[in-house]
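According to Swiss-Prot, the feature ATP binding site maps to GLY28, PRO29, ILE30, ASN31, SER32, GLY33, LYS34, THR35, an assignment based on sequence analysis.
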Amino acid sequence: MFFNRERELEKLLRLVSTEPNLITFVYGPINSGKTALMMEFIKKLPDDHIAFYINLRRTPITSYSDFVDVLFSVEFRNKVKTLKEAVSLVLSAGKETFGFPVPTELLARITKEKKPKNAFAYIVTLMEEVRKAGKRPILILDELQVIGDLKVDGSLIYELFNFFIHLTKESHLSHVFVVTSDSLFIERVYSEAMLQGRAEYFLVDDFKRETALRFLKNNGLSDDEAELVWNYFGGKPVYLAETIKHRDELKEWCERMLKLRTSQILDELYALEKELFEKVVKLFFAFEKQESVPYRSLSEEILWAVKRNILFAEPVDRVLRPQGRLELLAIKRILDIIE
């Protein structure tokens with residue numbers, strides 16, 4: 001759902017009007033509207049820009065060949081025989097292309113050799129040709145964390161980081177946007193020495209109260225109904241959009257969603273051994289009277305809660321908070337149940 005993200009859009013558009021220098025990591029709580037924002041960003045790009053958009057969640061990625069399949073989109077298979085044809089295909093695509101067109105024989109070689117640097121070298125060549133033709137390439141990778149542990153003669157993620165550094169800080173060839181909802185991944189990135197001075201961080205958060213209420217009222221909810229929804233879901237875009245479908249049973253639906261989330265967390269909690277269970281409960285008590293708490297390091301209980309999308313770890317400010325208001329309410333109910 002895209003609504004009232006003009007400030008974020010303006011920042012992104014201003015960023016791509018300058019020379020590429022830094023990798024931009026776009027992050028935030030789960031379902032905060034990051035992908036919707038990037039899709040709208042692509043639509044608003046000036047005509048002399050073209051975005052190569054790759055969603056790594058589109059298909060399961062468990063091997064290098066899976067990664068190549070997503071990188072070099074199947075929609076271009078058997079359509080391209082030369083680099084010139086690949087460039088022409090990109091230039092005719094408008095502002096966006098899903099993946100990179102690649103000559104068939106070269107793709108077979110890239111897949112067989114299992115050397116990421118060969119795939120990246122081709123992408124650089126393609127982008128250089130696109131640039132010569134008067135277009136400014138932009139690379140957007142959505143959900144990069146899904147390949148975080150994939151090994152191809154070493155960690156693929158580090159090969160990618162080096163590639164991104166080359167595209168931005170070294171060659172100034174392309175802006176690079178990496179989108180993720182995984183706060184453990186962004187914490188890892190934020191602490192990565194090789195990215196110091198080579199990356200910036202762009203937070204896409206849930207809507208503020210004023211924005212959420214305006215969206216709900218614009219879609220026909222009364223003041224009281226909008227307040228009810230805010231009290232259950234805060235500014236989480238996905239729930240605000242779903243609310244419109246359930247207006248005839250609004251209170252019941254909101255309560256049902258809270259019961260479901262509470263039950264899901266309890267199922268996970270009750271499966272823990274006693275020591276970790278007690279640590280998690282103690283962590284939950286930190287949110288009994290406040291919505292965010294500082295953290296020094298990612299302890300066992302924090303890792304458990306973040307991996308299960310109960311809590312969101314914000315590495316820049318080093319604070320923990322529930323993934324959304326629904327999780328905050330569920331935590332409070334759980335504390336009432338287990339006391």
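Here the Cβ of each residue, glycine as well, is placed from N, Cα and C on the backbone.
Overlay of Swiss-Prot feature records on the structure.
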| residue | record | Cβ contacts under 8 Å, 6 or more apart |
| --- | --- | --- |
| GLY28 | ATP binding site | LYS34, SER181, LEU203, VAL204, ASP205, ASP206 |
| PRO29 | ATP binding site | SER181, SER183, ASP205, ASP206, LYS236, PHE312, GLN323, GLY324 |
| ILE30 | ATP binding site | SER181, ASN309, PHE312, GLN323, GLY324 |
| ASN31 | ATP binding site | SER181, LYS236, PRO237, VAL238, TYR239, GLY324 |
| SER32 | ATP binding site | SER181, VAL204, ASP205, ASP206, LYS236, PRO237 |
| THR35 | ATP binding site | ASN55, ASP142, VAL179 |
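Close to the recorded ATP site, the chain also has SER181, VAL204, ASP206, PRO237: residues not among GLY28, PRO29, ILE30, ASN31, SER32, GLY33, LYS34, THR35 whose Cβ is within 8 Å of the site's Cβ mean position. For LYS34 (ATP binding site), the Cβ neighbour count at a 10 Å cut-off comes to 25, with all displayed protein chains included. Take the CB of GLY33 (ATP binding site) and look out to 10 A: across all protein chains shown you find 26 other CB atoms.
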